[in-house]
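K.L.:
Swiss-Prot feature annotations, pasted as is:
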| type | residues | note |
| --- | --- | --- |
| CARBOHYD | ASN49 | N-linked glycosylation site |
| CARBOHYD | ASN91 | N-linked glycosylation site |
| CARBOHYD | ASN128 | N-linked glycosylation site |
| MOD_RES | SER235 | phosphoserine |
| MOD_RES | SER248 | phosphoserine |
| REGION | 267-311 | region 'Disordered' |
| TOPO_DOM | 33-194 | topological domain 'Extracellular' |
| TOPO_DOM | 216-311 | topological domain 'Cytoplasmic' |
| TRANSMEM | 195-215 | transmembrane segment |
Amino acid sequence: MGVPTALEAGSWRWGSLLFALFLAASLGPVAAFKVATPYSLYVCPEGQNVTLTCRLLGPVDKGHDVTFYKTWYRSSRGEVQTCSERRPIRNLTFQDLHLHHGGHQAANTSHDLAQRHGLESASDHHGNFSITMRNLTLLDSGLYCCLVVEIRHHHSEHRVHGAMELQVQTGKDAPSNCVVYPSSSQDSENITAAALATGACIVGILCLPLILLLVYKQRQAASNRRAQELVRMDSNIQGIENPGFEASPPAQGIPEAKVRHPLSYVAQRQPSESGRHLLSEPSTPLSPPGPGDVFFPSLDPVPDSPNFEVI
């Protein structure tokens, strides 16, 4: 029983090691860079212009084979994850508002797009990128998201996003200019923790079949070894003959044990080389008595008292 336990413990150690490696590989890009929002809430009066800003933080690879895809879209606050829904901004989708730039190139959207829809996207070399909205209306209120996708060799490697809310007010309670509220560190930590938890769950689900397969292989090997040990022990037991029992042919498939009768031994006199045995001679001291003889020798009578008269 000790061998299977050791094998199972080893399999679980290997499974934990594989899970840790996959988790580190999957969460490595999460810690590489992220998107920060300097302001989480913008409150602006109707008809005003506003610029929503996001900032790319962390080490960013500036190789020629790396491209960053940046864009904007509207969304709604979900119960599980923010920015999961992608809605257009003033009838422009996130494909229309995207920015492509490499490590040594900045990009701006065309001036015609800004004039037609009152929008303009911009980015710089310091990781800041923004979208400017002119002539705000009440319909512009809502949640806005910025998205950054890292593309290596024409394949998407990693994507991060940030969220902020825009409130357009009218009337006496509306401010004269836009008022911005900075983001709290707790919100950023919650977003990062949620991203890490989601990545860990996904990697765990992907690694679970591999871990189960490894455990199954180890248990199968342990079962085969146990079966071989049992067969070897059975062969050794069958090779030793029991002197008290003899296996008889089975009757109707049920083996029976046949009892051997104990061997009887009768002591007999073995003849000597001369053909006669000492005990067979009648005159020997240890020979059995003949017919009419007494085994013990007879003794002469002893007088009761000495004759004192004869001196």
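Cβ atoms here come from the backbone N, Cα and C positions, even for glycine.
Small disclaimer: the values here were computed from a predicted structure and weren't measured.
Distances, neighbours, how buried they are, the whole picture for these features please.
P.N.:
In the structure as shown, the Cβ atom of ASN49 (N-linked glycosylation site) sits within 10 Å of 12 other Cβ atoms. According to DSSP, ASN49 (N-linked glycosylation site) is assigned to coil rather than to any helix or strand.
Secondary structure at ASN91 (N-linked glycosylation site), as computed by DSSP, is coil. Within 10 Å of the C-beta atom of ASN91 (N-linked glycosylation site) sit 8 other C-beta atoms, taking all shown protein chains into account.
On its own chain, ASN128 (N-linked glycosylation site) has THR53, CYS54, ARG55, LEU56 as residues at least 6 apart in sequence with a Cβ closer than 8 Å to its own Cβ.
Around SER235 (phosphoserine), there are no C-beta neighbours below 8 angstroms that are at least 6 residues distant in the chain.
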K.L.:
How many Å lie between the Cα of ASN91 (N-linked glycosylation site) and the Cα of ASN49 (N-linked glycosylation site)?
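P.N.:
For ASN91 (N-linked glycosylation site) versus ASN49 (N-linked glycosylation site), the Cα atoms are 18 Å apart.
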